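Feature annotations, courtesy of TrEMBL:
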type   : residues : note
DOMAIN : 20-138   : domain 'Helicase MOV-10 Ig-like'
DOMAIN : 187-252  : domain 'Helicase MOV-10 helical'
DOMAIN : 253-340  : domain 'Helicase MOV-10-like beta-barrel'
DOMAIN : 393-490  : domain 'DNA2/NAM7 helicase helicase'
DOMAIN : 501-586  : domain 'DNA2/NAM7 helicase helicase'
DOMAIN : 606-814  : domain 'DNA2/NAM7 helicase-like C-terminal'
């Protein structure tokens, strides 16, 4: 009989609500055996497409009592051909007997195919009981076999036991990477109160009542809506919560019994393999430090902890500088326990910024409710735009004029820029016009990241005299990471071979200073004259938590005043609250508002920035509407789901429609969803996931794009025109490995970019391929916690789908993706337009047994009360 359906599963659900280990364990003398047995109840075997394989499962009664095999059935929808002989009546199993069940399996495609079987038994002595098995058919391509895990995955280890007494042996930091002549006010530590951990434990347990007075006050601040009166108290509390969670989370990466080796280029450095650092798990930067302790032979008290400073981070390894005391006794492959730390400087700067904002009375900037309506432009004054393309875009012209006129002040001006609408171009034009039209204007232009800040600098250098531009980089930024074309305006001193921070008198001579938000904290520490910076522009402001944006505002920008600061006080925020927001660790901090950027808070909750009759007030906000990037069919889904259908397709049809005649697009619809049943895989100590089945399909598409002629004109796609996106660093690494194996001889193949969603935000490619990776729901909670993956993250989905100009190819498991409502709608969109290839899943399936199965597949990550216990244990160390 074909058992691909789910039969009478609703009544089974209570049976599944216990752990996976209990579900698969042999019980009451009954053993389920197969020649393909693997650990954890798996029956795993290899298979080829179009081939049928018959396996035998034996049910053996090794006990002393007679057992009755009532039946066996599937409790999860089968993803492949699965034929098992029908059991019409119960089978008696006397002691010592064996019952054989033949199963025939077949698959149509390459991939990983999984079905769960439940065997139901009864006996007079024990009553009813159940045993489960996960039957897994694996059809690997040759490439998938080459990319399989190179070593078994070693999961997260228990947190290191910290000795009660320990001594710190300091290491040696990197050579001085900066020369600082800029004045610096002392920066407080802003340590969190120790009793705050008790409040977190109580809230995680669902208890909102605590006897401590300080806890009650903190809880009141958490629950109170944000307003200027509680601005610093609430944000400082949220930042403390975030820091405590960062402390807990960083210790997840502590390592036990790992070896280091001497750097072959510098014998004073030791090298530690730490695979997670490649995707900021944990985040490790030059100048940071960690601690190591030899794994064996340590005293119980006064244990020496060796402090190692990070000199370089190279892919999955870290080069560290330790004391001579450790180096003198070090031998290669000596074993250590490792304890990671994180850099507190960004947190300290954010604390100071929110406190300074309240002291500086920036209420009308942060909680605006009016405008002075004083324009710096005469009514008939025309702007001569540097970028003539903006003359044909009414929204961009309006945004530039409003910024220069400054009629929103003291309220910030917002440029709402959906994908491909020219947000950064608009901001850059506004900066240029401010410098031209407003006498004495001085601009601070910022962004959360170096790449976005560099882009601002590159655009400004086209029309602004380089002598008036200063790109201030952080001291720990590697010189090799700075784009060549902006190096002449950067704070790098060739003679000293380091970054320099000149005196403020020197900095005051520049018309535009460009920094990241965190590096702008140096300007706040320098005590510039009041009103020196007339304008602050923050691009990609939706990426930053509000206190991070405040670093570039508090102590730098003075509010507009009709008498004392008539030309200044203009804050301009550009971004898209529908795209990727800040990355945070603390669920409590997110729940109580830290996850909102200043841009999103104003747009969502401030009346000045709300729509009236479906339109924004152009005095305070402009929404850019013309998308110059994507084919209308690529744009349509995000346009309807995130932008109310307001966006207009205005791209060059020679580009956006260039793949409509590709052989793989018989309907001329420029999207392909290719369904793949893959397997979530891990290797070594890396916590990241990869999926070799998806990589095999992706490589087939890359070969067609790069090696075959496309379209009417027979033009091959160039590597630089293709972008490959995946949310997992290990998948990115494996895709690059596959490209190097199969396409390494192709000219300029290194120009094909493979990266994470975050790396592609703000970028575009003619062709974009997306590998979603996930084929199991086991780790959804972990993905959400670490801000990974596509599921339960519509902003990440929006960014990914809107990078492509002419062709979008998504490769993933539709059964897994359909559990997310946004992905489910996108899959339906692809089906309606006949854009589906590969594995298809049934839209009509019984969700209850699948949910029950998910309950069985318990992972090792703590949750709920278990997580609270981990918090308590961590806090007590």
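Here the Cβ of each residue, glycine as well, is placed from N, Cα and C on the backbone.
Heads up, TrEMBL stuff is auto-annotated, nobody curated it.
Three or more CB pairs closer than 8 A are found between the domain 'Helicase MOV-10 Ig-like' (20-138) and the domain 'DNA2/NAM7 helicase-like C-terminal' (606-814), so contact between the two stretches is assigned (pairs 6 or more residues apart). Of the recorded ranges 187-252, 253-340, 393-490, 501-586, the domain 'DNA2/NAM7 helicase-like C-terminal' (606-814) has the largest number of C-beta contacts under 8 angstroms with 393-490. Per-residue pLDDT, averaged along the domain 'DNA2/NAM7 helicase-like C-terminal' (606-814), amounts to 90 for this model. When DSSP labels each residue, the domain 'DNA2/NAM7 helicase helicase' (393-490) comes out as 50 helix, 13 strand, 35 coil, counted as helix, strand and coil in that order. When DSSP labels each residue, the domain 'DNA2/NAM7 helicase helicase' (501-586) comes out as 18 helix, 20 strand, 48 coil, counted as helix, strand and coil in that order.
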